Amino acid sequence: MTEEPPHQPSAPGSKEVWKKGGRMFSILLAVHLALLACTLVSSGAFERIAVHDYDVFFLLTVMMLIVIIWIIFYLVSTSRCPDAILCKDSHAGPIWLRGGLILFAIFSLVMDVFKIGYYSSFYSCLSAIKIMYPIVQAIFVVVQTYFLWISAKDCVHVHLNVTRCGLMLTLTTNLAVWMSAVTDESVHKAHSKLKKNTTEELGSTEACNCNSQICQIFKNGYFWLYPFNIEYSLFASAMVYVMWKNVGRFIDHHSHHVQRLKFKLFRRTFFVGIVLGLIILVSGLGVLIVYEVQVNSSTEPSKKSQALTMYYIFNIVCLGLMSLVCIGGSVIYRFDKRDMDRHKNPTRTLDVALLMGAALGQYAISYYSIVAIVASTPRDTISALNLTYALLMIAQHTFQNIFIIEGLHRQPPKEDHKHSSHQKELYGLTFVNVNAVSLRVPDSGSASAPSAAPGSEGSHPSDLLRSLTAPKKINWRRKFLREISMFLLLCNIILWIMPAFGARPHFDNDTELNFYGDSMWPAIVDICLPFGIFYRMHAVASLLEVCIMS
């Protein structure tokens, strides 16, 4: 069977089969690479297994180099082919997502600089791959960030199978880097929290110990910057996945109008939600600082107990308010007259899947905590607060997911568009756009505009101009939904900052540790907590989308 010319669409059935076949091959490639990377990364985390960290670094370095070469090929091939990108997905790669990607990329580059400085202190007794790895990773971050900034919305129609495989390789590489960073950071945090005597990773000889002050600064610096690198890898993975879904896709051009409408609606003011959210954010930063100081530097049990009490009370208040607000927002959606958006949207589908999947990590930790607290004795104030915290964590994740998913599936408001369209039809006049202000000018050669009734709205051109340019009153439901979204957004930021930058009551509170043991409980936390941290950052992006859609 001969292949049809590119300009003639093939039969729907055969086209869909070929599309699924190309996707399946790229998925199989990604699965095998991900399993190999996961095996090496997890094996390298244990001291009794003869897999060294430089084995992991070698694999990741090779994968990043291949991705860099493929990205260059993609950029060159699409720029030379005028029909490579026939349409763009306006929902993919919104400006706030790409802006967050650049922010995390900058911190990731700083982390790589710290890593280079740290490993350079031991260059005489290190494998060359350990110094090459952060250098290649820095180049990878720069190239990939540029690629996603300019190509996140592309719907590619050339080299379909090569593009799908290249995107899946990029996705797998980001996930492998994420797994490596999470493992390294989790092991470091667990060891420091459990106060275990561990040997230096670089050896026990004096020449390979990190004794100088500058070396300690580099070491502590890159560990503190791990959360940004972790989020960068996940942000990039999500954007690459949407690009993979859009390969060979055709999109109607009307979606661009919707995107402009969103940004226009975003220029409304907020007050209550931002103020309350900022109060929670600033209070949380204060709680985090006091908690870290008292838990890590104080040897008195009373100080540790006070720090845990303060931490749990703050989180209980924050989670309780967030749960109530989410319930209120969901009730408002029940009376929302906007239509549901049932169009195919890979970005929204991915957002929902990530929200539901990432929440499982915090669900798991909470349920393990509930079982340990209920089954353990004696029960003191800390245990009661911990139990309340775990229950509220489950409730808040559930109610917030319902609120966000409801918001993501709503059509943007059409009131402003309908109002402006109605005004344009009045008097049979032509509108001229001057500096984004609509002015009406009588059509040349046409009859004079009919006069309106005295005192009626729009009876004079100046009245109609004022009605077009004056800010319109926002429906109270929409305003309330925006206040809720902004409050939840700021609360999720502080709930991301606290665990990402050191607050780990899972190890400072001995209940779960004594119940599950030194091996099982750290493994549970190290596997599940990164998903909980990612959930908060992804919820921030989703809530911003909900706020704009409102």
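Glycine is no exception: its Cβ is also placed from the backbone N, Cα and C atoms.
The transmembrane segment feature in TrEMBL is assigned to 24-44 (among others).
The annotation transmembrane segment is assigned in TrEMBL to 56-76 (among others). If you look at the transmembrane segment (56-76), the same-chain residues 6 or more away from its ends with a CB under 8 A from one of its CBs are 33, 36-37, 40-41, 44, 129-130, 132-133, 136-137, 139-140, 143-144, 147, 151, 163, 166, 169-170, 172-173, 176-177, 180.
If you look up TrEMBL, you'll see 96-119 (among others) marked as transmembrane segment.
Per TrEMBL, the feature transmembrane segment maps to 131-150 (among others). Outside the transmembrane segment (131-150) by six or more residues, the chain places 57, 60-61, 64-65, 67-68, 71-72, 74-75, 93, 98, 101-102, 105, 108-109, 112-113, 115-116, 119-120, 123, 170, 173-174, 177, 232, 236, 239-240 with a CB less than 8 A from a CB of the stretch.
Panel annotation: around the transmembrane segment (162-181), residues 22-23, 25-27, 29-30, 33-34, 37-38, 41-42, 56, 59-60, 63-64, 66-67, 70-71, 73-74, 137, 140, 144, 156, 226, 229-230, 233-234, 236-237, 240-241, 243-244, 247 of the same chain, lying at least six beyond its termini, place a Cβ under 8 Å from a Cβ of the stretch. Under the heading transmembrane segment, TrEMBL lists 162-181 (among others).
Here the transmembrane segment (223-244) has long-range neighbours at 23, 26, 89, 92-93, 97-98, 100-101, 103-105, 107-108, 110-111, 114, 141, 144-145, 148, 151-152, 154, 156, 164, 167-168, 170-171, 174-175, 177-178, 181-182, 184-185, 188, 346-347, 350, 354, 500-501, 530, 533-534, 537-538, meaning same-chain residues at least 6 beyond its ends whose C-beta is under 8 angstroms from one of its own. Positions annotated as transmembrane segment by TrEMBL: 223-244 (among others).
For 265-291 (among others), the entry in TrEMBL reads transmembrane segment.
Taken from TrEMBL, the feature transmembrane segment applies to 311-333 (among others). Outside the transmembrane segment (311-333) by six or more residues, the chain places 280, 283-284, 287, 291, 382, 385-386, 388-389, 392-393, 395-396, 399-400, 402-403, 406-407, 410, 477, 480-481, 484-485, 487-488, 491, 494-495, 503, 505 with a CB less than 8 A from a CB of the stretch.
Residues 238, 383, 386-387, 390-391, 393-394, 397-398, 401, 404-405, 506, 511-512, 515-516, 521, 524-525, 527-532, 534-535, 538-539, 542 of the same chain sit 6 or more residues outside the transmembrane segment (353-375) yet have a Cβ under 8 Å from a Cβ within it. TrEMBL lists 353-375 (among others) with the feature transmembrane segment.
The annotation transmembrane segment is assigned in TrEMBL to 387-408 (among others).
As annotated by TrEMBL, region 'Disordered' applies to 443-464.
For 444-462, the entry in TrEMBL reads compositional bias 'Low complexity'.
Taken from TrEMBL, the feature transmembrane segment covers 480-501 (among others).
Sequence annotations record features per position, and here TrEMBL assigns transmembrane segment to 521-544 (among others). Nonlocal intrachain contacts for the transmembrane segment (521-544), taken as residues 6+ away from its ends with a CB within less than 8 angstroms of a stretch CB, comprise 96-97, 100, 182-183, 186-187, 190, 194, 227, 230-231, 234, 238, 351, 354-355, 357-362, 364-365, 368, 397, 400, 404, 408, 485-486, 488-489, 492-493, 495-496, 499-500, 504, 506-507, 512-513, 515.
Remote same-chain residues near the transmembrane segment (480-501) are listed as 224, 227, 268, 270-274, 276-278, 280-281, 284-285, 287-288, 315, 318, 321-322, 325-326, 328-329, 332-333, 400, 403, 407, 529, 532-533, 536-537, 539-540, 543-544, 546-547, 550 (criterion: CB distance under 8 Å, separation of at least six residues from the stretch ends). Listed as Cβ neighbours of the transmembrane segment (96-119) (distance under 8 Å, sequence separation of 6 or more from its ends, same chain) are residues 126, 130-131, 133-135, 137-138, 141-142, 145, 148-149, 152, 210, 214-215, 218-219, 221-222, 225-226, 228-229, 231-232, 235-236, 238-239, 541, 544.
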